[in-house]
4 protein chains.
Amino acid sequence: MSTGFFGDIERIPYAGPDSTDPLTFRYYQPDEMVLGKRLEEHLRFAACYWHSFAWPGSDPFGGQTFERPWFGESLDDARLKADVAFEMFTALGVPYFCFHDLDMRPDGNSFAENTRNLQVMTDYLGEKMDASGVKLLWGTANLFSHRRFMSGAATNPDPDVFAYSAATVKTCMDATQKLKGENYVLWGGREGYETLLNTDLKRELDQMGRFLNMVVEYKHKIGYEGAILIEPKPQEPTKHQYDFDVATVYGFLQRFGLENEVKVNIEQGHAILAGHSFEHELALANALGIFGSIDMNRNDYQSGWDTDQFPNNVPEMALAYYQVLQGGGFASGGTNFDSKLRRQSIEADDLLIGHIGGMDCCARGLKAAAAMIEDKALSSPLEERYAGWNEETSARMLDGSMGLEGIEAHVLKNDINPQPRSGRQEKLENIVNRYV
Amino acid sequence: MSTGFFGDIERIPYAGPDSTDPLTFRYYQPDEMVLGKRLEEHLRFAACYWHSFAWPGSDPFGGQTFERPWFGESLDDARLKADVAFEMFTALGVPYFCFHDLDMRPDGNSFAENTRNLQVMTDYLGEKMDASGVKLLWGTANLFSHRRFMSGAATNPDPDVFAYSAATVKTCMDATQKLKGENYVLWGGREGYETLLNTDLKRELDQMGRFLNMVVEYKHKIGYEGAILIEPKPQEPTKHQYDFDVATVYGFLQRFGLENEVKVNIEQGHAILAGHSFEHELALANALGIFGSIDMNRNDYQSGWDTDQFPNNVPEMALAYYQVLQGGGFASGGTNFDSKLRRQSIEADDLLIGHIGGMDCCARGLKAAAAMIEDKALSSPLEERYAGWNEETSARMLDGSMGLEGIEAHVLKNDINPQPRSGRQEKLENIVNRYV
Amino acid sequence: MSTGFFGDIERIPYAGPDSTDPLTFRYYQPDEMVLGKRLEEHLRFAACYWHSFAWPGSDPFGGQTFERPWFGESLDDARLKADVAFEMFTALGVPYFCFHDLDMRPDGNSFAENTRNLQVMTDYLGEKMDASGVKLLWGTANLFSHRRFMSGAATNPDPDVFAYSAATVKTCMDATQKLKGENYVLWGGREGYETLLNTDLKRELDQMGRFLNMVVEYKHKIGYEGAILIEPKPQEPTKHQYDFDVATVYGFLQRFGLENEVKVNIEQGHAILAGHSFEHELALANALGIFGSIDMNRNDYQSGWDTDQFPNNVPEMALAYYQVLQGGGFASGGTNFDSKLRRQSIEADDLLIGHIGGMDCCARGLKAAAAMIEDKALSSPLEERYAGWNEETSARMLDGSMGLEGIEAHVLKNDINPQPRSGRQEKLENIVNRYV
Amino acid sequence: MSTGFFGDIERIPYAGPDSTDPLTFRYYQPDEMVLGKRLEEHLRFAACYWHSFAWPGSDPFGGQTFERPWFGESLDDARLKADVAFEMFTALGVPYFCFHDLDMRPDGNSFAENTRNLQVMTDYLGEKMDASGVKLLWGTANLFSHRRFMSGAATNPDPDVFAYSAATVKTCMDATQKLKGENYVLWGGREGYETLLNTDLKRELDQMGRFLNMVVEYKHKIGYEGAILIEPKPQEPTKHQYDFDVATVYGFLQRFGLENEVKVNIEQGHAILAGHSFEHELALANALGIFGSIDMNRNDYQSGWDTDQFPNNVPEMALAYYQVLQGGGFASGGTNFDSKLRRQSIEADDLLIGHIGGMDCCARGLKAAAAMIEDKALSSPLEERYAGWNEETSARMLDGSMGLEGIEAHVLKNDINPQPRSGRQEKLENIVNRYV
Ligand SMILES: [Co+2]
Ligand SMILES: [Co+2]
Ligand SMILES: [Co+2]
Ligand SMILES: [Co+2]
Ligand SMILES: [Co+2]
Ligand SMILES: [Co+2]
Ligand SMILES: [Co+2]
Ligand SMILES: [Co+2]
């Protein structure tokens, strides 16, 4: 009993690199074995609810462009939306999806009504999941769209908003647990400021620290086994958001004793907005032990805001998956498309085509990364570059047995006068281009 | 026995706001009392050695523009440079100066020769300081200009460079201590990477952590009483530097157990390059308890690199000093001009004029900030905005006595439905404009 | 018969620099004489309809924050909106306002209905103008918000949209003429592209050239005496807009023979987004003879999108007005506030306070600029810097009487070996700081 | 009689995509036929003299890293440099090279001495060209590195600098003509300003217009048949350069009557710095009829300055060559690598490896672009998208036979109410990914 929104939709088939049919995969074969694991298990794709089914196509200078039969605020609208969403998930063969409460339930006039709507729709989604086999990668609460959150959720100057937000997160954690979501995500879109003139930065950081601690405490209390993830973003909607980037989140987690409890969900576009490459943020999260999951949607390099586009640059994506694989691959995390169609892409099949392109690029990128790992294409030169540190004196400089004075004596005694060696950047870039 | 470089130079006098003589102060009176303290003690000005006396005026597309009689690599050149530098410090009436080893000593062919040169010039500077009364705000080691550092100092893949760097820092700490420098600064211009392809990020962070721990250990060993400061900068010269911004440095310090040992020297231009306002970085450092000192030189908002210009926008500077004063003002830190003349400003008196303008703007900015503090112009509205947190239930949400479930019950019981209140940004901006 | 929206509102009085009442002017006195002209005539302030009365406070991550009694799509709503708008114009004492058709009329279901609504509201606004004395600085058509314009107006691949847009502009020009608007503005928010993959750049430029020519032809046909202005903006909403900046618009105007027919309306925020300072765009428009009017709203330097904030940095604004005055001041143009409140500024009086602050800063900026002009503070050194060009040989190099060969002979004969002279940037910056 | 700098260097062979030898081409086969033309003739590769042979590896925070036996200012040094350069050109099999005067001659103490050195080295290069078959793509004058140019060349406030620059350009045009260079390029690295405070923008634009007119007059006078090209760049070294981007240069050319005489040399990195994609600048130059040549070196997306790196992202490069081929391919222009090694890449063979990687990526990009053209992969959907304009009424809206009033009547009569159609961006992006 299809809704008919996508016409006579079937599961999108793999048709090989030469296929010119836009409704086929050219690279993504879920069962292909890569580094001893199925591609599907490596990539752990998720499609998101909000951009594809809730966003009307508006931007700061224009209104709705999409005309969807489920736009409205009734429970029937919400159920139709879910029906179409699961038709898309199933057609694409994505094993996971993600949602905010606001995406999937009607918005009510009180916390109690919102909670009731959430529970009704949680049950409905649960049935769809059982029927389709699609699982929940993560759930989250939208604490940024409604005007009550305009000055922050956890960091609001008004304690009532803090309370409302905390209660809402509890209900969303409950829903996520009920649906066996493998992660619970927090993105602090309003946890920041427009101007320091009206902001007590320290106080707001403390509020946010307490809030996150409550989330972790509640997780343990209810025995929720998923991971808690923070999604960093430097700015937009606010001028400055507290979860600026991976390094900032790490410092925050340490400050509030949470560095072993919370990990990060890293989005390519947010990395870019913070002045980093995506692979930097991934490498850093791995180095710090807080890597969780990714949002594999890109920003436009010439736009200064979050464009959340479907990814399409395979060489860049290969470098991202290289970091993911170097860190051991995804545990509870996965590859979420927090991607929206361009607002001019108003056809139903654009939704499919956007995801198909993204999934194919991910497959190409991951396979290229895996091949580089198998060949030790980058790791061999890296090992050689740092080989000097394997010598005994070098190790002693790091293990605490030498201090500045001891090292000075060592330099003087051996008349150390280091000669630089080529960094070989171009050679390594050429090596990568053998794989992509 | 003046060098004559500045002609018949005298101490630059205060001549009041109406003065049109470019060689007078219009706002800076060292002895003016502000918030119970002399302006000189508030601002703690320092001029730097490198930009004004060592930099030849080159940029990536052009060579030397300045013609200075001391350019050369002999000890006599170094002494002449020092003579002129102290003539400038004295004329300006800045109580402090700052240096890198490479600025003030000839560059030798070995570590031993560099150390000897450093010691000779340390003694020479010591005599100049005694004679003039000018003090040392901070010393530092240049671990970025010589080709041996091209792939990093502490974070070099070659342990010999690590050793050379450590030994060099020891000698610079010794020199700083001998000259009673009030701080020792580390700026990691090469502690970063050009490409992740040849970089082991985690290993390099660990090297850097050990290096900084050695610095702190040595400080305690020799009884050095100044502060150890890191100067964050996100990029340039490398694509990515590890000390990206205040938040990143804070996370790094915690990771290596140094958050109570090391503070930050914040530069306006580096804040801008990292995507922050200067006042953000200052407010954050205060909130995290790691505020140390400032480099009060600005970047051009339309240039994507570090322009290190003399500051000239009083309203912005007032907001910066507002944060400094809110945090209690400078302890060991001060207002350093890490500023360089534009390379076209080739006259000797341009050096004086650049500093005079910067100092006058600082004086105006600080006095405006002090007046806002005295009037509680911003702090009263701030207190009122967060007043709800003074109530008992609010406090219980923060002190750990309520969790998500308790708060949910509270929301339901009281049917909490928060109504937003105006953030009053424009009103507060207008208030600031009453002071600047 | 006030609407009561602003309470008991009166004309905002001038109360002098010491006033702490947020509902007074501290610097703006309309009748103050500056350079022989009333300040009001210099500044020619306009408030805009859209941001203050039509925008709901939404952003890409959040919905409506403002609750205004006139939000709705009936003619009664439109009339109430107009009543409140004119109450604000009158209270502020701005001599002008600006509008888009969509701001001031209900949106209908057809071109014919839109035109009827426009005419009804044009008459209503005309009555308000007569009663209040407030005049129209400019009118314009909104060809970017409705989904029909999602792929462009003049540059749409669909000729029907071109036609619809042309017809709409005609009706808006008629309305502007009827209301004696002093300018007609075109901002091409959708005249650009999201991706070159689906864009025929040359064809679209030609469409835009023809469109603008029709506007100019119609202006002459109906004897409209106002100026036609283009407002440049580089991007947002699209990835790339054709009217990127002043230089781009100038090239476009020349290409289509319109450089003597059309001028530019320059917005500070759009200059910034294009990588220029505001004063650059003003100086360039003056140099090219196409300066028209300004939108004096700023962008946040740390945000990569158009924040359209009320201006508040007097030193920067002084440099902008310096360029305006150097070019002879406004002819048909003026100082429009294309400014929106921050979305958290939800109180009615925030609307007044935002404008008051902006107007006061403009007054300070313009008076500082006028004083610099009177004192020849910048023009004297400038004249001296270029004085060499007054000599005869120099003039002959520019007037075409010498070519490369002649000049080579001149260089050889006189052994010309130019010595650089200081650019004196810091000195000039200090001079400016005597005025702001 | 090789210099031995590159060891036993031979012509770099094509060894196919599976080659792992860094000193082989994997994609570039000069004789491969693409769209009926040899790949070599399509790409018209040039290597440049300055970055590879004159730049010492310095950056704003560090000095020389490269140690080259030809560094020095004697004629022997210059000849050794030329010998090594031609060994590299020959090994790579690039058909062209490019130079500035300052790259290839010793710097003298007067214009006369510089001219003599230039002539000596022109003859020497001529011999090398004859012997090797390597040709000159373009010559140019360095009017930015010496301190005499610090305030501009053509736009200097000092007419003597204008004269010196004009004379220098004449000698460089003479040298270029003598060496049968196919283009003469002007890049105005100092034609801009650091601050408007000391700048007469209009006067400087007029100086630059006259200067360029002299260049064109001299070209015709001496019968030079190559193209005159301007290379746009928005900023760096100055805060603002007058040749900001393609659109700006086009407006400038029209203003001075040169739009049919001068074309543009477009660099990827400069496009990025100006806020454009590379393909935008290429498409625009084609649309305006001023496309000349390209500098195929990229900037880092996270760095705010000109990094001039070897290109390595094939999908992006395919889009660039797609525009080049759509415009008919290169006439006098070519693919120049204005690329420099990273300063850590200090080995001799890094020079070869950098170019090999760039050339291989160009070959892949061009072949992908050619295939898209052959398949009409993008042009078919494009034609369909604009098909409505082929109808008669549409054409009449563009040809001047209808004006705003006629179109309004047409809209009313036909009750035109345009319905948007999908822009299909994701579908087109997926199509491109079939080719790269
Ligand atoms: Co995003
Ligand atoms: Co995301
Ligand atoms: Co700096
Ligand atoms: Co600094
Ligand atoms: Co704007
Ligand atoms: Co505007
Ligand atoms: Co470049
Ligand atoms: Co170039």
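Just so you know, glycine gets a Cβ as well, placed from its N, Cα and C.
DSSP classifies C:HIS100 (active site) as strand under the three-state reduction. Counting every protein chain shown, 21 other Cβ atoms lie within 10 Å of the Cβ of C:HIS100 (active site). What TrEMBL records for C:HIS100 (among others) is active site.
According to TrEMBL, the feature active site maps to C:ASP103 (among others).
Taking Cβ-Cβ distances under 8 Å and a sequence separation of 6 or more, the neighbours of C:GLU267 (Mg(2+) 1 binding site) in its chain are C:GLU231, C:PRO232, C:LYS233, C:ILE294, C:ASP295, C:ASN297, C:ASP338. Look at TrEMBL and you will find C:GLU231, C:GLU267, C:ASP295, C:ASP338 tagged as Mg(2+) 1 binding site.
What TrEMBL lists as Mg(2+) 2 binding site is C:GLU267, C:HIS270, C:ASP306, C:ASP308. DSSP gives C:GLU267 (Mg(2+) 1 binding site) a strand state.
DSSP classifies C:ASP295 (Mg(2+) 1 binding site) as strand under the three-state reduction. In sequence order, C:HIS51, C:GLY269, C:ASN297, C:ASN299, C:ASP338, C:SER339, C:LYS340 are the residues of the chain that are 6 or more apart from C:ASP308 (Mg(2+) 2 binding site) and have a CB within less than 8 Å of its CB. Screening the recorded positions C:ASP103, C:GLU267, C:ASP295 for a C-beta under 6 A from any atom of ligand 6 leaves C:GLU267, C:ASP295. Its own atom aside, the Cβ of C:ASP103 (active site) has 23 Cβ atoms within 10 angstroms in the protein chains shown. Same-chain residues with CB within 8 A of the center of the C:GLU267, C:HIS270, C:ASP306, C:ASP308 CB atoms, the Mg(2+) 2 site residues themselves not counted, are C:LYS233, C:GLN268, C:GLY269, C:LEU273, C:ASP295, C:ASN297, C:ASN299, C:THR307, C:ASP338. Taking Cβ-Cβ distances under 8 Å and a sequence gap of 6 or more within the same chain, the neighbours of C:HIS270 (Mg(2+) 2 binding site) are C:GLU231, C:PRO232, C:LYS233, C:PRO234, C:ASP245, C:ASP295, C:ASP306.
In this structure, C:ASP306, C:ASP308 are the recorded positions from C:HIS100, C:ASP306, C:ASP308 whose C-beta falls under 6 Å of some atom of ligand 5. Apart from C:GLU231, C:GLU267, C:ASP295, C:ASP338, the residues listed for Mg(2+) 1, the same chain places the Cβ atoms of C:TRP187, C:LYS233, C:ASN265, C:ILE266, C:GLN268, C:GLY269, C:HIS270, C:ILE294, C:ASN297, C:ASN336 within 8 Å of the centroid of those Cβ atoms.
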